[in-house]
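Colleague: Below is one structure. I have some questions about it.
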Amino acid sequence: YNLQVRGTRGEHTEAEGGIYDISNKRRMGLTEFQAVKEMQDGILELIKMEKEM
């Protein structure tokens, strides 16, 4: 899904309180729609995986 996880204070930082920053790994060469669609699809998959835990 081309997502990356960052800590609460950006790249190369730790998550605090179970909070993560999730962002698109791909940024160049995409339309705004494509970037948002990739994010949406990835987040929906994360939610699905979490519910299965």
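Glycine residues also receive a Cβ, built from the backbone N, Cα and C atoms like all the rest.
Copying in the features that TrEMBL gives for the protein in this structure:
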type	residues	note
DOMAIN	1-53	domain 'Phosphagen kinase C-terminal'
BINDING	Arg6, Gly7, Thr8, Arg9, Gly10, Glu11	ATP binding site
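In the displayed structure, how are the listed features positioned relative to their neighbours?
Modeller: Confidence for the domain 'Phosphagen kinase C-terminal' (1-53), expressed as mean pLDDT, is 90.
Cβ environment of Gly10 (ATP binding site): Asp21 lie under 8 Å away, each six or more residues apart in the same chain.
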Colleague: Same chain, not part of Arg6, Gly7, Thr8, Arg9, Gly10, Glu11: whose C-beta falls within 8 angstroms of the C-beta centre of the ATP site? Give them in sequence order.
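Modeller: Here the non-site neighbours turn out to be His12, Thr13, Glu14, Ala15, Asp21.
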Colleague: Counting Cβ neighbours within 10 Å across all chains shown, tell me which of the binding-site residues Arg6, Arg9 comes out on top.
Modeller: Arg6
Colleague: Hey, does DSSP put Gly10 (ATP binding site) in a helix, a strand, or just coil?
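Modeller: For Gly10 (ATP binding site) - judged by DSSP and reduced to three states - the answer is strand.
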